[in-house]
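Undergrad: Okay, here's the structure, questions in a sec.
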């Protein structure tokens with residue numbers, strides 16, 4: 001059910017295209033072309049919004065109890081119609097100025113109406129399709145307005161008096177701008193910025209900047225003359241055509257607060273370290289940041305390690321663990337199940353790591369991963385062979401091969417599988433005397449004579465005779481790679497160290513450290529080299545720190561320094577600076 005409803009109209013005026021006319025042929029700037037305003041009848045389309053009322057059905061509740069019933073509702077709908085109306089508008093057209101006419105497709109109005117039908121010297125000039133006046137004998141000119149100079153024709157006649165006729169005195173000689181009279185004739189000239197037409201009398205406006213006039217950037221017209229100009233940041237060179245860059249930084253053209261960097265056609269302001277450039281790109285403002293460490297509170301929600309990051313805390317786990325789905329909780333990573341374990345035969349997983357084992361008839365190899373077959377005869381002999389323990393050395397008796405054996409060392413014999421022998425056995429062992437001791441040659445030392453003074457770490461110096469390392473107070477071990485202060489805070493001397501990558505009673509357990517660094521003989525904790533830190537020595541020192549555990553602060557002048565060595569804190573200076581802290585500027589060359 002619908003019913004019409006009179007509503008309102010939103011009208012938008014849209015002008016139709018102008019019909020083609022003389023304005024498309026004659027343009028402003030053409031010779032003798034004038035602008036005219038005229039009224040033109042145009043048709044316009046006017047959109048209007050119409051409204052009507054529509055009645056729709058819908059289901060509603062509450063008719064009688066919980067039942068539904070049909071209801072009716074009136075809604076207003078709209079549609080758009082277009083109506084055509086006619087109106088008068090002012091339009092600009094270009095026509096020939098009064099007294100002038102355009103012929104065919106001439107670029108302007110070059111013919112004067114005043115000359116049509118004009119009588120000169122009793123002769124009528126007829127303007128036909130040839131657009132040339134047919135002059136009678138004895139007359140000349142575009143409108144036959146000049147009489148031929150009989151005096152010039154008879155100049156060779158003896159005694160004849162010559163008299164010049166000024167053709168420019170009559171209608172300016174037919175010239176549009178300037179008429180130049182000469183002896184016996186004349187010619188037309190044009191003002192600056194114009195050129196003569198093919199008829200030698202009409203002047204056409206020229207563009208002096210046509211072809212850019214050789215200007216590198218811009219060509220501008222002033223009083224009919226071309227003049228070169230440059231973009232901002234450039235200036236004209238001596239030839240008045242090329243453009244060269246203006247160094248704003250050399251003078252006072254660049255109002256930079258701190259530093260100025262020149263560029264082609266412009267410049268850029270920069271600030272001292274610790275400042276930032278303002279919105280005006282000229283002034284500098286000190287940077288004041290409030291550093292909030294999100295990891296200080298509740299370790300950032302991380303189970304193990306927390307590092308501040310953009311957007312919040314970044315959690316990481318100890319070796320042998322992995323992040324749970326919440327990105328914060330660390331759970332055990334089963335290397336045996338994942339296949340990342342290096343075990344050749346048996347793998348035993350434990351919290352945070354794993355160990356390799358071998359089947360019966362095999363023994364673990366020196367790399368802690370593989371399994372070597374036991375020789376049956378050696379296996380029987382090992383049941384009867386005791387273990388001879390030297391200080392820092394464990395080997396079967398006799399200890400073969402050794403680089404050099406020297407009698408004099410007191411040692412004890414004990415069973416390898418029973419570190420806690422009973423007192424009676426100890427009494428018997430105490431009475432035994434070893435017949436050999438290990439002596440390394442050629443400046444080597446260590447359990448298997450594989451170390452030298454080049455392996456001394458953490459500031460350790462070579463002992464006299466190159467028989468070991470002299471360690472600073474806070475370090476110990478064969479090569480000064482173990483801290484003398486344990487995690488409990490008590491000053492204790494740690495046992496002698498193992499080779500890089502191993503720890504444990506027999507130096508057979510693998511360290512889980514990055515970069516193949518030493519680890520604690522007993523605990524397996526990573527002992528970082530200079531310039532590295534972190535639980536696994538996997539992190540390089542942050543900028544501005546160096547030394548053991550990155551605990552020392554670089555003393556370099558930051559704004560003059562390219563790099564501070566993470567190992568020893570030495571400064572690498574930027575170009576133009578010198579000194580142990582890059583604190584001195586190099587003198588300018590004379």
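Cβ atoms are placed via backbone N, Cα and C, with glycine included.
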Undergrad: Select from 329-360, 361-392, 393-424, 425-456 the stretch of residues annotated by Swiss-Prot as region 'Disordered'.
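TA: Region 'Disordered', as annotated by Swiss-Prot, spans 393-424.
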Undergrad: Taking 179, 269, 449, 469 as the disulfide-bonded residues to compare, which has the smallest set of other Cβ atoms within 10 Å?
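TA: 449, out of the disulfide-bonded residues 179, 269, 449, 469, has the fewest neighbouring Cβ atoms within 10 Å.
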Undergrad: By CA-CA distance, flag whichever of 179, 284, 449 among the disulfide-bonded residues is nearest to residue 109 (disulfide bond).
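TA: Going through 179, 284, 449 one by one, the closest to residue 109 (disulfide bond) is 179.
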Undergrad: Could you check which of these disulfide-bonded residues, 219, 228, 256, 269, 271, sit within 10 Å of residue 175 (disulfide bond), going Cα to Cα?
TA: none
Undergrad: Need the DSSP three-state call for residue 462 (disulfide bond) to compare against my parser.
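TA: Looking at the DSSP assignment, residue 462 (disulfide bond) belongs to a strand.
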Undergrad: Just how many other Cβ atoms lie inside 10 Å of the Cβ on residue 271 (disulfide bond)?
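TA: For residue 271 (disulfide bond), the 10 Å Cβ neighbour count is 18.
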Undergrad: On the three-state reduction of DSSP, what should I expect for residue 449 (disulfide bond)?
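TA: In three-state terms, residue 449 (disulfide bond) counts as coil.
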